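Pulled from Swiss-Prot:
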type: MOD_RES; residues: 2; note: N-acetylthreonine
type: TRANSMEM; residues: 29-46; note: transmembrane segment
type: TRANSMEM; residues: 118-133; note: transmembrane segment
type: BINDING; residues: 118; note: chlorophyll a ChlzD1 binding site
type: BINDING; residues: 126; note: pheophytin a binding site
type: TRANSMEM; residues: 142-156; note: transmembrane segment
type: SITE; residues: 161; note: site 'Tyrosine radical intermediate'
type: TRANSMEM; residues: 197-218; note: transmembrane segment
type: BINDING; residues: 215, 264, 265; note: quinone binding site
type: TRANSMEM; residues: 274-288; note: transmembrane segment
């Protein structure tokens, strides 16, 4: 006797919708996080494209001197940007209905806040969607954990830093030259290059690139040939096969002889954990560093650390960097301040 089990049809439209959202058979997994992710990222992307092309100038410093960022107002792909929300708005939530008109909303840089808040919500939901799909497939959760590093970095520059500085106008502009301007001003005001957490981030990014290149080249160079010399080595493998495609012992032996034995991994799991953890931890630290510098806990300051027996300063490289920082700072918001804060906060020396 044969028993036939039929899949029970969900009685309601809502039930069928739930089944569709959580199905792992879809070409692209939706998930409950995806229900929020899709509209928020579509909104952020659409507004970014429209504003990058056609947004009018924005009064970023709140001093009635609008700065143009869009293509139709004289910029190109390199110089164009979504200009941050005006300092006159500060940290206020500024949706379109809070402004007297759309023109006022555009003048005060409303699109920046709209894009950033939707984008951050969207990428957080993307991270949640990674966890959700892993959970439904019975996988471990580390893909979402790794993605938390760029999410933390984006949150630091687009949300935590403006909160610490008191205004969305201090957030990173959404453009190529705007990003570099943000970096230069950040160095001038916070000496980020002398912050240990930024140094860890640099080691994470560049080290991760090096390790990725080393791993990929070693694996590609130690493939197990399953074909003749007249055929491509790639023809000897099929997706999902049980057999290994490369010889980790050969790769370990090569690298162990190239440097020394214990510089090479002989365990695939520990190797791939290291490849994932190195850049992720580095970027976590950088995001943490930016978040602390947001509240003006800045990089190390070794200015005027060396003096002679008469108390005269002997300039070191730290003093050269400090002079460069001051130079960058006086060029930033040059019409908003008479002097940068570092120069205005001390009494002028007596000359004579």
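Count begins at 1; order follows the chain as displayed.
Using the three backbone atoms N, Cα and C, a Cβ is placed for every residue, glycine included.
When each of the listed stretches 29-46, 197-218, 274-288 is scored by C-beta pairs under 8 angstroms to the transmembrane segment (118-133), 29-46 comes out highest. Annotation: 118 carries the greatest number of neighbouring Cβ atoms among the binding-site residues 118, 215 [cut-off 10 Å, Cβ to Cβ]. Taking the C-alpha positions, the distance from residue 265 (quinone binding site) to the residue listed as 'pheophytin a binding site' comes to 32 Å. The list of residues near the transmembrane segment (142-156) in space but at least 6 beyond its ends in sequence, with Cβ under 8 angstroms from a Cβ of it, reads 119-120, 123-124, 126-128, 130-131, 134, 276, 279-281, 283-284, 286-288, 290-291, 294. Within 10 Å of the C-beta atom of residue 126 (pheophytin a binding site) sit 20 other C-beta atoms, taking all shown protein chains into account. In this structure, 265 is the one among the recorded positions 161, 265 with the smallest number of other Cβ atoms inside 10 Å of its Cβ. Excluding 215, 264, 265, which define the quinone site, the same chain contributes 214, 218, 251, 252, 255, 266, 271, 274 within 8 Å (Cβ to the Cβ centroid), listed in sequence order.
Residue annotation for quinone gives 215, 264, 265. The furthest Cα pair among them is separated by 11 Å. If one looks beyond the transmembrane segment (197-218) by at least 6 residues along the same chain, the residues whose Cβ comes under 8 Å of a Cβ in the stretch are 251, 254-255, 271, 274-275, 278-283, 285-286, 288-289, 292, 299.
Residue 118 (chlorophyll a ChlzD1 binding site) and the residue listed as 'pheophytin a binding site' have their C-alpha atoms 12 Å apart, to the nearest angstrom. Relative to residue 161 (site 'Tyrosine radical intermediate'), the binding-site residues 126, 215, 264 all have Cα atoms farther than 10 Å away. Between residue 126 (pheophytin a binding site) and residue 215 (quinone binding site), the C-alpha separation comes to 27 Å.
The Cβ of residue 264 (quinone binding site) lies under 8 Å from the Cβ of 251, 252, 255, 256, each on the same chain and at least six residues away in sequence.
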